[in-house]
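Quick look at what Swiss-Prot lists:
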- ASP53, 167-168, GLN189, 215-220, 289-297: NADP(+) binding site (BINDING)
- TYR58: active site, proton donor (ACT_SITE)
- LYS88: site 'Lowers pKa of active site Tyr' (SITE)
Amino acid sequence: MEKQVQIPEIELNSGHKMPLVGFGTCVPDPIPPLEELAGIFLEAIKVGYRHFDTASSYGTEEALGRAVAQAIETGLVNGREEFFISSKLWCEDADLDLILPALKKTLGNMGLDYLDLSMIHMPVRVRKGAEMFNYTKEDLLPFDIQGTWKAMEECNKLGLAKSIGVSNYSCEKLTKLLENATVPPAVNQVEMNVVWQQRKLLPFCKEKNIHVTAWSPLLSYGAVWGSNAVMENPILVEIAASKNKTVAQVALRWIYEQGASFIMRTFNKDRMFENVQIFDWELTKEELDKIQKIPQRRGTLGEDFIHPEGPIKSVEDLWDGDL
């Protein structure tokens, strides 16, 4: 049997354990054919990944479900319980009456009885059937933070999601949610990397015992929509050279040292191994201080959800000024 990576776990506030590195399944259009995509995910399973992160908006739930089923059928893993599968409900389903049916649809897409973690993708609601990222004023609808969370709690109570969480929530939106929550979010999955270090949100979530997972830890370097701001950052390049590590390893180790987990996507088998070789070495205080001085800028502003006459009138409203 080929060598497998070993990834540590964290216990969430729900009592369930989650591997600290998730394999991301968001792929650029055109999405590869189902069997090809399932084969890539199966390769990641062979490498040792067990935490897989998807979303209804990615169009990859079925392929991931196929890979999980094949891994179980072929004896690559002992059973479903070896996996930690997370998915996110899109904005068109961010309504009290739509969340449960949407989660059931996700489970049907993947051929699963439950998710390990179900999240609300954005604190935003759009009209059902609206063209994604081409929203009109009429498509943008009021979002009920507390009502949608009650529906998530019902999914948890029914056993359809062992843990429930959110994505892209600010401190202020989490505070509003928690005012009326019976079950607190286990996870807040947010943009986090060395050029957007979440200096306000991270300590807030730690105080509330909500685990932070970083998406875009390398700013999607190499993708059409990506940026070189992390991978070509001169401070990281210098640290990587001095430690005989890759820039990606330094950037990912930094996230781990902040107490956060991260979602990584690569179809390159060598990088599947390389990206998790970060747990047996440390950054020095001097190196951490240098990273702390990197200028900060949020990469994703969410302008698609903004309209001067809509529920969210500015990016400042969406992120509650944390820009």
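Cβ coordinates come from backbone N, Cα and C, glycine included.
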How long is the line from the C-alpha of ARG297 (NADP(+) binding site) to the C-alpha of the residue listed as 'active site, proton donor', rounded to the nearest angstrom?
25
In chain order, residues whose C-beta lies under 8 angstroms from the C-beta of GLN189 (NADP(+) binding site), counting only those at least six residues away in the same chain, are ASP53, LYS88, MET119, GLY165, VAL166, SER167, ASN168, VAL212, THR213, ALA214, TRP215, ILE263
Once near-sequence residues are set aside, which residues in the chain of PRO217 (NADP(+) binding site), 6 or more away, have Cβ atoms under 8 Å from its Cβ?
MET192, ASN193, VAL230, ALA251, LEU252, ILE255, PHE262, ILE263, MET264
Which of the three DSSP-derived classes (helix, strand, coil) applies to LYS88 (site 'Lowers pKa of active site Tyr')?
strand
Other than its own, how many Cβ atoms are within 10 Å of the Cβ belonging to TYR58 (active site, proton donor)?
19
Judged by the number of other CB atoms within 10 angstroms, which among LYS88, ARG297 is the least packed of the recorded positions?
ARG297
Hey, what's the Cβ neighbour count for ASP53 (NADP(+) binding site) at 10 Å?
28
Whole-number Å distance between the CA of TYR58 (active site, proton donor) and the CA of ILE291 (NADP(+) binding site)?
32
Return one of helix, strand or coil for ILE291 (NADP(+) binding site), based on DSSP.
helix
